[in-house]
Structures are given as structure tokens and as C-alpha cells.
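Visitor: Please read through the structure below; I'll follow up with questions.
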Amino acid sequence: MSLTASAASAALTLLADGPDDGSKRPWRPNDPVKEQRDLYTQFVISTALGLSAFLAFCILRPKWTELYAARRRQRNAASRLPELPDTLFGWIPVLHQITEEEVLQSAGLDAYVFLSFFKFAIRFLLAVFIFAVAIILPMHYKYTGQYGVPGWDNPPGNKTTSPIDGSEKEKPVTDPAYLWIYVLFAYVFSGLAIYMLLDETKVIIRTRQTYLGNQTSTTDRTIRLSGIPHDLGTEDKIKEFVEGLRVGKVESITVCRKWRELDELIDERMKVIRELERAWTKHIGYKRPKNDGNALPLTEQQPRDADDERSGLLSGHDNEHVSGYSNERPKVRIWYGLFKLRFRMIDAIDYYEEKLRKIDEYIQNAREKEYRTTEIAFVTMESIAASQMLVQAILDPHPMQMFARLAPAPADVIWKNTYLSRTRRMVQSWSITFVIGFLTVFWSVLLVPIASLLELKTLETIVPRLAEFLQEHPIIKSLVQTGLPTLAFSLLTVAVPYLYEWLSNNQGMVSRGDVELSVISKNFFFSFFNLFLLFTVFGTASGFYGFWESLRDAFKDSTTIALALANSLEGLAPFYINLLILQGLGLFPFRLLEFGSVALYPFQFLSARTPREYAELSTPPKFSYGFSIPQTILILVICVVYSVFPSSWLICLFGLIYFTVGKFIYKYQLLYAMDHQQHSTGRAWPMICNRVFVGLLVHQLAMIGVLALRRAITRSLLLVPLLGFTVWFSYWFGRTYEPLMKFIALKSINRDQPGGGDISPSPSSTLSPPSGLDRDSLPIRIGGQDLELRLKKYVNPSLIVPLHAAWLPGRNPARGNGNGASAFEVHQTQNV
């Protein structure tokens, strides 16, 4: 279960466990025995789950290298990494010793930045944990008698009971002077977070500038021009305009055109060729070759037989029927007539071969057509310095014209969006942004009423026998009230990030890297607003109407948020402790097993029929920063918000475990197991920093609310300048540091190498085999198939992709009809 699902389920359980007396009083946990039992149960179960998953991975890793070492087997850049031993635990120190430089060279800047965030979080939480244990915990215990451990802290009364020896003692009298720790450590932790964040940012900027300044790829020398007026809509006029700025020479220009017809033909061809391959395979049969045990058990098949004979029989290009096979030639149903009400059965192989031949003719004719130009062009300069000067300058005195941006990698371009008009892209973008905002803000409106059905009082009305049984068995009651929300809402909350990803893909963005950054932003907003802020600020509402009243009051008066935060956070501490234990100890190790890929593999294997479909089974699982980064930021925000509360030491301890385990697991996945095709050159770091600033603001608001509730008005007002400083600093950070995370400084460019300064790199072909990791090495993806080649120039793949023949047993798909097949080699997974 993801963080989204587990957090939503647990939060709904908290709402369901609210007061049953119908009052609107705030809910407070008042059963120390239950809380202590839940904490121990959560810890034991999570530890058992995590250790089981980790041991299972250690056993299966050397056996299922096709899954757990998929990236290293198929990526040249990953092949430079050290070979991991096949022993049970021997791979752990080898992985730990891989340096940040090796991570950068193998997985790129995105992986380097992502793991740097874990390093920052570990450093920060370690410092907070030391302060919490050495100062904050003793202060809280001395003046309030609170340990910060669920079940140990006592309810209000004249005496307290020691959880260690059971002895009774007088309850400490609260001294208002101790409230200064909320003021002091709000400043200390905010300053510490900003200092460490700036320190890590400087390291990332220095690494990024050095790394990109020494690149000579086509991507680094290319800009994307948008808003091109009609009178400058040709290559020659654009070249004249750019070179007239006297910043450098133009190497090549690609003006985007309205290629919709051609793109649709290529997509249709891929569908037809797959149907043809299935028809042939159904007729002649195919079994995947047996491997040496490095794949999942379901891939253990008997070797093919008589492939050489079949290859000879299939080498002809006529439509003569091939006989001698046990299976009959398949048939396909063709509908015709008025309203397509009549049909007839015809030979499927003949039908799809004829359809493929006609589509190939249409494609050849479409490639020779002249298409209308759009307002977008990719301009490749002869030097990186020239391209950087263009993107960092205003090129035209007219607004919204000749606007230069950094270009994505050639294979990262979403070509179908390049021929959308600017108005169409803006309408799509703002419409989907409005839809996502509406869904995110009002998502909890759908969850809170359903949660009320899980209250014991409601169950007594609907299912009285079940309510009586649960009342008699508190452990089963706890499991049921936790499991039912999980069952009801986990699928819904897991589906939300995928819904946002689909919506982001329809916003009209030109590159997949921009889409992923958009997914990061949207998913964090959903997680932060719905699973933290709403359930914390309005978590005291009892029922649906109470929730609506709290929401209405918050919009009327902003101080309600600070007071509600302070009023709810301390009571929700057991929930967040359990959440951190579950995520860090229980669920994180399951990421190593790639349980989703393993669970889906049998269905994918059973549905595979053709050589192409079997080869696609071995492609590495895709890693998405859009799903991973928002969850980790939210965990850090929770730890920051609770950094001064009595339970700060416990929350920071399990947060520290979460980030330590997470860094290790993500390091393995990014380097060895999973593939990430979009490369945004580390541009996610400013987004991470801005969301950390949001966490600091929430922390400061909570401290203001805590002091205000304790009538320490003067001390709460002393935190207002810190609040203003954080807002100002986030603005200053964006103006000062973010440009260095987006552009390459001219001083950082290595002008002694080809393509760096005024020296033009040697001309290269349009396509060449990949060598190492750079932004030109992203594989071209046509019809869901990765091709083992890279584009060296900006050109729509539909214009140049070879029209291969069907990929049949015993015949290389590249030996097709000769339409440029020699320039390509289809990537086929090798079973080493």
C-alpha cells in the first residue's frame, strides 16, 4: 500500500473513532492502554513484514535478475556499475560503497538530486533528534510529565503513574516559562533547515553546473522557440533572425509542422503489425526459448523447434498460404453493409498483410507531403554558450513572440503536442488545473461521510450483532476498524495519483520531463492538502456537517487554521507515529520486491503470444519521481511540524529510519532495477525546496497556535517575524538559486571541448547507438516499443522510422521491406 492509501485509511479510522455521544467537542485519545497496544502491535507487525520482504528479496535477487537487475542488463550506463555478489547479504556493502559520482554518471542528475534530498533529510532529522532527546523531551517531562510515547502519557489528574515501575507520584505543575522552548526551537529548527537546505543546494548547483557544462550533446545546444510569427515561419528566416542576434552560429533548425495525419498513420500501423504478428503466431506457433534461470519462473519454456524451417517458409512476400502446420490459419470477422450489421469471416493473415501494405503506401505518400508550419521550432546552435545566452535573454521586443526555452531531449519531445495552437494548449492547461484544484480541495468531502459509517454507534444501528461482537473483542475491533477503511479507500487513494498523471499528460506540455514535474506538484498538493492539512485542521469535526462547519470557519478566519493545528496535532501524534512505522519498517522493503510488477507478470505472460510481446516482458519497470517525491516530502513535513512537541523524539526517530531505509532502497532501484526515461536535469530540486518551506510555515503556524491556546500571546507574537522571514526567504531563494537550477552559467561551460565555446562539434548522423548516459540516449518509443537507438537531431520519428516487417519467429524484424531498416536495430531483450 502506498503512503497515500495508508494515510487516508488511518485518518479515516481516526475520524471513525471519534466521540460517539453526538457532541461537537474535539476528539482526544483517552485510552492509554489502547494507544500503547496499537503502537506495539504496529511496530511488531511492521517489523515482521519488513524483515520478511527484505529476506525474500535477498533470496530472489540472484535468481530473478531479469526483474531485479533489469536496468543493469539493458542500459550501457548501468553496465559501468560494480557487479553485485550473488550472496545473501554480500550485495549490501557493495551498493553502499557506490559513490555519488557513480550515481551521477549512471543514473543522471534526477537520481542524484533525489538521493541528495534523502541525505539532507537524514542530516536534518538527526540534528532534530539529538535536540529532542537532550533538551525537548526532558523539558516536557519536567514541566508536564509527558514522555511523548502513546500510552505512557497520563490523562489529566492529580497523580501520574510511571510507565517504568508503576509507582505513583504527584503530577508536575505546568510552568509557563517552559513555553519558551516553542519559541526558541521554532527559530532553531527553521534556521537549521534553511542552513542545511542552502548547503545542499550549493553542492547540487556546483555538481549540476560542472556536469552540464562539460556536455556536448545536441540537447544542451538546442533551444525551443515558441511564438514564431507567420512571417518568420521558415528555416531560413529563423536562422537569419537568430544569427542576426550575433550570439553564435546556427547548426540546424527543425520547424514543427502539423504532422497529425502522419502520426496517426504510424500509430495505426503499429496496431496492425501487432495483429498480424498475433495471427502468424497463432498459425505457426511460438514458444519462448528456455533461459538459464535468471527470469521469473513463469518464463521457463521449452526451446522453439523448427524455427529455421519456418524462417525459410516465411521469407517470401507473397500471399501464398503456408501449409504443414498443425494450427489452421486464423480467421477475422469483417463487418459490412448498412450500419455494419452483416459480417463475413476471412483469412486474418491475408487481411492484415494487405492492410499493412496499404498503410505503408499511405505513410510513404504522407511523408512526401508538405505540412503547414506551427509556432514552435527547435534551433540547434554550434555551441552551448550560444544556446544558453539565447534562453537567458529576451529576443524580441513584441510580447509573446520568439520566446526561447530550454529544449528537452529529442526522444523526450511529445510531438503530438507541438502542433497544438498556443490557445489550445493554454485552454487545456488551465482547464485541467481547475479540475485538479477542484478535485483536490473537495476530495475529503467524499471521504468524511463514508467514514461515519465505520463508527461503532452506526454499526449498532445497521449490524447490531457485529457491533456487539466487536465490543467484546477489542483487538478484532481495532483490526476491523483499521481494515475496513483500507479496503474501502485504498484503491481510490492509490488511483488518484494515476488520475493526476493522466490529466497532466493531457495538459498539452511539449516534453515528458515537464509532465513529470507537473505530476510531482499535483500529487504533493493532493497528499499535503487532503491527507495532512484537512485531516489535521478539520480532524476534530465529528461527522459530515461538523466538517463542513470547520471548513467554512477556516475560510472566514485564517487564524482558525493555526488554532485547529495546535488543537489537533498533539492528539494525532499516535496516528503519525504509526504511519511512520508502517511506511519505514513495513512497506518500504516491499518496494525492493517490486510487488506490483511480480503480481502483474503472470497476467502479462499469459497474454503474451508473439516474440515482440515476450521481449517486452523483460523491459525494466518504470520509475516515476512523480509518485515517489511527494510522499517523501510529506513525511519530512510531518517530522518538521512535530519537531517541538513531546512526541518529537519518537517521530523524528522513525522519520530517520524512514529516510535511511528509503535512501538505500531507492538507490538500488534507480541504479540496478528500474528505468527512468525522462530526464529533467535535476529541476525537481527547487520544487522540493519550496515544499520544505511550506512545511516550515505550517510548523511555525502550529507553534503560534500552541502558544495562543496556552494564552502565551506575547510569545506567539514573537514567532510572527519568523513567519514573515520564511515567506521572504522562499521568494529570495526563487530569485537567487532557482535560475542556477534551470540554466547553465556561461562561466561553467568548458569552452575547450567541441560544442562548448565557439568550436562546433563534428557532424553526426541523425541516429547512432547509445554510449553511456546523456540526454540524447533516451530510446525512441514507437507504438509502445523501445528502439535501441537515439536521435541526434530534432526530427519527428514518424518521418524517418523504418517500416519494418512483422516480427515473426526466426526472422529479424529489421529484415523487412528495406525502407531504411539498415539504419535501425530493434532492441530485443537478451536472456543472459
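A Cβ is built for glycine as well, from the same backbone N, Cα and C atoms used for every other residue.
Model, not experiment: these values are computed from the prediction.
Pasting the relevant annotations from Swiss-Prot:
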type	residues	note
TRANSMEM	39-59	transmembrane segment
TRANSMEM	117-137	transmembrane segment
REGION	152-171	region 'Disordered'
CARBOHYD	N158	N-linked glycosylation site
TRANSMEM	178-198	transmembrane segment
CARBOHYD	N214	N-linked glycosylation site
REGION	291-322	region 'Disordered'
COMPBIAS	302-321	compositional bias 'Basic and acidic residues'
TRANSMEM	434-454	transmembrane segment
TRANSMEM	483-503	transmembrane segment
TRANSMEM	524-544	transmembrane segment
TRANSMEM	560-582	transmembrane segment
TRANSMEM	587-608	transmembrane segment
TRANSMEM	623-645	transmembrane segment
TRANSMEM	650-672	transmembrane segment
TRANSMEM	687-707	transmembrane segment
TRANSMEM	713-733	transmembrane segment
REGION	754-777	region 'Disordered'
COMPBIAS	759-771	compositional bias 'Low complexity'
Visitor: Between the transmembrane segment (650-672) and the transmembrane segment (687-707), are there three or more CB pairs that fall under 8 A, provided the residues in each pair are separated by 6 or more in sequence?
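Guide: No, these stretches are not in contact.
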Visitor: At a 10 Å cut-off from the C-beta of N214 (N-linked glycosylation site), count the other C-beta atoms across all protein chains.
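Guide: A 10 Å sphere around the Cβ of N214 (N-linked glycosylation site) contains 15 other Cβ atoms.
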Visitor: Of the stretches 39-59, 178-198, 623-645, 650-672, 713-733, which racks up the most C-beta pairs under 8 Å with the transmembrane segment (587-608)?
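Guide: Comparing 39-59, 178-198, 623-645, 650-672, 713-733: 39-59 has the most Cβ pairs near the transmembrane segment (587-608).
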Visitor: Would you identify the secondary structure of N214 (N-linked glycosylation site) according to DSSP, in three states?
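Guide: DSSP call for N214 (N-linked glycosylation site): coil, neither helix nor strand.
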Visitor: Hey, does the transmembrane segment (713-733) touch the transmembrane segment (117-137), meaning at least 3 C-beta pairs closer than 8 angstroms, sequence gap 6 or more?
Guide: no
Visitor: Relative to the transmembrane segment (623-645), which of 39-59, 178-198, 713-733 accounts for the most Cβ pairs at distances under 8 Å?
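Guide: Highest pair count goes to 178-198.
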Visitor: Would you mind listing the long-range same-chain contacts of the transmembrane segment (39-59), meaning Cβ under 8 Å and 6+ residues beyond its ends?
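Guide: For the transmembrane segment (39-59), the sequence-distant neighbours (Cβ-Cβ under 8 Å, at least 6 residues beyond its ends) are 68, 88-89, 91, 149-151, 478, 574, 577-578, 581-582, 584-590, 592-593.
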